[in-house]
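Read through the structure below, which is laid out as structure tokens, and then see the notes.
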């Protein structure tokens, strides 16, 4: 229980005025004082839901489906010895610990099983929705993941890497720049807007400590700027999903109505009634989902799906771009890199991607990124696959996380003890070496329970650990 949750009286008075007639304040307060149920989302870039459910059964985890996300589950697991974040399944990117209601905006974006070539996630960190989008895109097309706070870009990249995302390009800008810098560039835009966080008290009992009505109105002004910019960045015919983890109508319905008032018949609100069974329990008259915490026993949340019917005039913006530091590899260079990767690790380069070079670094960019090169300065694009040296290429960790599947001939299965040693940054001496696997020298993929966990190098009969230092863990491991 969270009986110490701080909820200002002025906020409760406000909720009383916006709470739907079929809900009551007692249930609202009671829900706010209950801790959230823990939830996870299976990362289908790495494992099917069916296989994950079997794995969960073997581990004694109890899963209950989240109705609005096909690969989302509430989970009951004994974390007294090993927290979920330190399980092998989490560390190898098989699942993401994500609040159930925060899975809803991405489900709304892909409500009709859409296929998008270019998607913008305007406020992406820490990466739960970014990785959810990448999985639904099947790592195809390009996903621009923007984060305004520079301090949060690092964790965004870490989660993208852990989950095997290779079609992302990261940027670090105020989300208000996209409408002017990349007008009508995206098939879909997610704006999970910064907000007053009124829906998060079940996760953070101090979430409302600094709440004031004045701060709500100030944030709403920013949200209106952000949604205008997001709409400008959207192609005609495209879909914008606007979401918050707050309850105030000023930050939700009124922001959407501001967009409609600004752009008129270019804006259509598409009803989310059919998103999942019983969605109508939170449906507004416009077709938005305004979710109070007692309705589905989750965080307070808001989601709107908006269609752009035709072009609107975008602001003219001057921008100064530095020299782009990458050059596209020649056909011969690409073929040589592809051949060496295949020979070394039995990995093929994916189609719809191109090799780019910067000094000795070898990168793989999604082809769909190319129209944006020179239009926006990215902090990171695609994946770094190698560094060139005099004897060939030194393959990088993201080759293992984003390109390997676990079925490669040059991959070795570790025991649980060896896998723990691996995650602690230590070299391993595998007890079981499959017949025909070359040892002694060269690089090798390592896996645990079939899931790739890294890339190492043979030194005689041991594998030199290639795990990046920032990923090394030292205690409470599976």
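Counting starts with 1 at the first residue shown.
Each Cβ is built from the backbone N, Cα and C atoms, and glycine gets one as well.
Cross-referencing 192, 204, 206 against the S-adenosyl-L-methionine binding annotation in Swiss-Prot, which names 123, 124, 125, 126, 127, 128, 129, 147, 174, picks out 192. Secondary structure from DSSP puts residue 129 (S-adenosyl-L-methionine binding site) in a helix. In sequence order, 146, 147, 148, 175, 191, 192, 193, 194, 226 are the residues near residue 123 (S-adenosyl-L-methionine binding site), counting only same-chain partners six or more apart with C-beta under 8 A. Among 123, 124, 125, 126, 127, 128, 129, 147, 174, 192, the residues given in the record as binding S-adenosyl-L-methionine, the maximal Cα to Cα distance rounds to 19 Å. Taking the Cα atom of each, residue 245 (active site, nucleophile) and residue 129 (S-adenosyl-L-methionine binding site) are about 13 angstrom apart. All protein chains included, residue 127 (S-adenosyl-L-methionine binding site) registers 28 other Cβ atoms within 10 Å of its own Cβ.
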